[in-house]
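J.: To start, I am sharing the structure in question, which I have written as structure tokens.
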Amino acid sequence: MVGGLIDNVVLLLALSVLYDYVSGSRKMPLKNILTGVILGTICIGVMFNSFSFTPGVVYDTRSILLGISGLLFDPVSTAVAATMAAAYRFSTGGVGVWAGIATVFATALTGMIWRQKNLQRLDSISMAELYFFGIIIHVVMLSCQLLIPWPKAFEVLSIVLIPVMVIYPVGTAFLGKLMIERNIKLKTKAELDKSRAMLVEVLDSIPHSVFWKDRNSVYQGCNRQFASDLGLSGPAEISGKTDYDLFASKNDSEAYRSDDREVMKSKSTKRDIIEQLTRADGKRIWLSTIKAPLIDANGDLFGVLGLYEDITDRRAAEAELINAKKSAEEASQAKSMFLANMSHEIRTPMNGIVGFAKLLELSKLDDSQKEYVSVINSSSRHLLDIINDILDISRIEAGKTKLEMKELDVMEILSRTFDTFKVAIESKGLSYKISMPAEIDYRVYGDSTRISQMLFNLINNSVKFTEKGYIEAGVEQLEKDGDTALLRFSVSDTGIGIEKEKLSKIFESFFQIDDSYTKKYQGTGLGLAIVKNLANLMGGEVSVKSAAGRGTRFDIDIPFKISERYIYSPDEKISGAGDELKMSAAGMKALIVEDDQISAKLASVILKKNGFEPVTAYNGRQALDLIEKNKFAVVLMDIQLPEIDGLTAIKLIKSRGASEEQFRVPVIALTAYALSGDREKFTEAGADDYISKPFVEEDLTKKIFNLIKKRNENSGEKRAENASK
């Protein structure tokens, strides 16, 4: 009897092994039936090792097996097992055969019912619940013993009741708990395996190399990309190795481990580590590495995680970009130098042509001579306009144009610019109109020179392309909000207009409406490009409306900051100071520092004409010597000079002016350089004003007399201040 009981226990434990297999295996055809056959075989084994209390009545642990089977296994498997067990019991016969068959089906059915009731919580059934389940199973089992013929049934029940109810429920509970806990462990292991497989898949799909080490910088794992870089057959091969084992370069290994120590010591991530690595194929690559500390749930450090990206191609591209940028900057510098030199070389002879032509125009000439001089002046202006346009568009496109924001009167600028073209407009028999609304009674801050330049280009185009009809220019207020206003400058005409397909191109550099060999209208094709770029630089925009043969209208919308002062009243405007200054210049010395004899001669003639006594120096050293020995009212300083250049000479004059009276003289930079930044260079050197070649008498004398007047006013204020003391 004892031996049979032990055999039953062993077979019941085999049930738990089967449960492990069933729980852990994947779905396959006829799985439940196969499981049922195995269960049935175990059950038959249990019944085969039964023990007998009385002849013809045998007992075993089938009730425990079938009850647990019904609870934890699939119903199909349990049904197959119960059928096999019942068939075997029927074959053994005896007075208790029907009781035995009833026990098989009743306990299996009870287990299946209990399973259905607790289907969603099988893994969380407690020991107490399992014990109660065991009691129910064996109450059912004992009830089936009533099918044994009387009085045999009473005799059997009286013998087995207490042992069965004491031992079997406990056995049921322990076996059930054992199987449930093993199932939980198997599920946990399966989840871990799944998570590990998913992690490996994720790591291998990352386009970067990933690795992790323990606290001693010993590799614990990596992804496939890292293993490939090192020439390993797979990630598993890296486990237990160090940097010294994997890399030939000791310096590289030391650098990697140094980063590891820094990260683990600070317990913080270190990013953008730029380093190198030698791959298995011998290629030296650049890396951008991130390293982070590995910290467990308790806050304890257990290693370091690293990830790097191969940036070799990117660094090569960056190097190419840097070289390209350097080349572009060098090309831009070369272009700027070329333009500066061309400006200087063209403007220097132009200065003589324009200046002397203007002086000649003012002398006594017959009609033919006046016509010739007029042609010279007109051609000179045209050539100068071309030079200025090329320089302007070069400055603008290079982003080197700076706006000089000053207080201005937009209507005065419009009127003054339009007046420049009145003679040309009237000579073509055109009518004209200027619209200036009374609501714009305020000044604004802006660059008057650039605004005038935009208007000049637009009006010039209208005059050029209009043969009959009118030209109209105006300014209007579109919006006004507090201290800001949006103003629109407009220029319209009844000229030849612009074809629709050309409207989108007219603001491109060098684009010309008439590009035929027989073109009637001259120009560089830069005027409108300059207008558009300057408008954008001011935060505004330019638009055009036109049709072929119907005229053209250009609008420039520009936002301005409003000044607190209003428009000058007529009696505020300065006029008539020129003659007074000319008279005061009599006997004053003016120094001309110029190595070009024609330009020096022109300046000398203009100065003499305006009452000055001109003195000429041909280099910076001569200029300093002359200033030291003479008192000059003004110095006209060319920039490109032999021995000591103009900028250096200006700096020396201003520095010596702090202690020497004769060096306290206003200096006008007189140069053929006209590129962006020139004015700033001259001002920084100490120049009081600046004029570019070619210049005319009116512009030069205006600057000279303004500086002399300013110096006289300052001297008067100082004398008054000293007298009051």
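Cβ from N, Cα, C; glycine included.
All annotation found in TrEMBL is predicted automatically rather than curated by experts.
Grabbed the feature section from TrEMBL, which reads as follows:
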- 34-52: transmembrane segment (TRANSMEM)
- 64-88: transmembrane segment (TRANSMEM)
- 94-114: transmembrane segment (TRANSMEM)
- 130-150: transmembrane segment (TRANSMEM)
- 156-180: transmembrane segment (TRANSMEM)
- 271-323: domain 'PAC' (DOMAIN)
- 341-562: domain 'Histidine kinase' (DOMAIN)
- 589-708: domain 'Response regulatory' (DOMAIN)
- D638: 4-aspartylphosphate (MOD_RES)
J.: Give the nonlocal contacts of the transmembrane segment (130-150) in its own chain as ranges (CB under 8 Å, at least six residues past its ends).
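T.: Counting only partners 6 or more residues beyond its ends, the transmembrane segment (130-150) has Cβ contacts under 8 Å with 57, 63-64, 67, 71, 95-96, 98-99, 102-103, 106-107, 110-111, 114, 156-157, 160-161, 164-165, 168-173, 176-177.
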J.: Residues with Cβ closer than 8 Å to the Cβ of D638 (4-aspartylphosphate), same chain and 6+ apart in sequence?
T.: V593, E594, D595, D596, S599, G646, L670, T671
J.: Just give the helix, strand and coil counts over the domain 'Response regulatory' (589-708), going by DSSP.
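T.: In the domain 'Response regulatory' (589-708), the DSSP-based counts are 57 helix, 23 strand, 40 coil.
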J.: State the residues, same chain only, that lie 6 or more residues beyond the ends of the transmembrane segment (64-88) and have a CB under 8 A from a CB inside it; answer 'none' if no residue qualifies.
T.: 11-12, 15, 19, 22, 32-33, 35-37, 39-44, 46-47, 101, 104-105, 107-115, 118, 122, 133-134, 137, 168, 171-172, 175-176, 179-180, 183
